[in-house]
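Here the structure comes first, spelled out in structure tokens, and everything after it is commentary.
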Amino acid sequence: MSCENAKSNTDPGETPSEVPNEARTTPAENGVNHTTSLAPKPPSQALHSQPAPGSVKAPAKTEDLIQSVLTEVEAQTIEELKQQKSFVKLQKKHYKEMKDLVKRHHKKTTDLIKEHTTKYNEIQNDYLRRRAALEKTAKKDSKKKSDPNSPDHGSSTIEQDLAALDAEMTQKLIDLKDKQQQQLLNLRQEQYYSEKYQKREHIKLVSPRNAVVFV
């Protein structure tokens, strides 16, 4: 009857209150009670337990990068090393040939300048020698004159000869300079085409397809 009275005391629209969650106690084992807590973990602990997205992907990206580099770098074969060594040797040979060619051209240019310098000195020395001879002749003629009041025809002749000698020497130097410039120009053109041809032949030996660059 007491149970029925308890049920009757409860209103029909009301629901019985829920029993609060309590810690469930497991039977004692070896005298120790193991209590299981159902309380949720704090949010801070849950956040710290999750790893950052960047920290997880970074090692994978680094490994992929290292793997791609190791894949792209291939070891050279013995045949490739031999070809590379032959190519370097051929380049050294071509460099030496071009150096010798330029050296020979420089020597030709220097020899030509020396030749014209020698000719210039010869013209200058011949001019001084002839001028000194004319002045000496004029001095002798002036001593032979006994009459100081007579007209000085000898001095006027000497002046004409000296003027003619100066004009002759000037013309010779002009001709020599023009000849020197023309010879140097021709020599430089010859050297230029010679060096150009040598470079083209070297490129043909290294790579025939690149020879059109210097054509």
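Every residue, even glycine, has its Cβ placed from backbone N, Cα and C.
Taken straight from TrEMBL:
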- 1-12: compositional bias 'Polar residues' (COMPBIAS)
- 23-38: compositional bias 'Polar residues' (COMPBIAS)
- 131-147: compositional bias 'Basic and acidic residues' (COMPBIAS)
- 148-159: compositional bias 'Polar residues' (COMPBIAS)
- 69-204: domain 'Phospholipase C-beta C-terminal' (DOMAIN)
- 1-60: region 'Disordered' (REGION)
- 131-162: region 'Disordered' (REGION)
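The average pLDDT for the domain 'Phospholipase C-beta C-terminal' (69-204) in the predicted structure is 82.
Helix, strand and coil residue tallies for the domain 'Phospholipase C-beta C-terminal' (69-204), in that order: 123 helix, 0 strand, 13 coil [DSSP].
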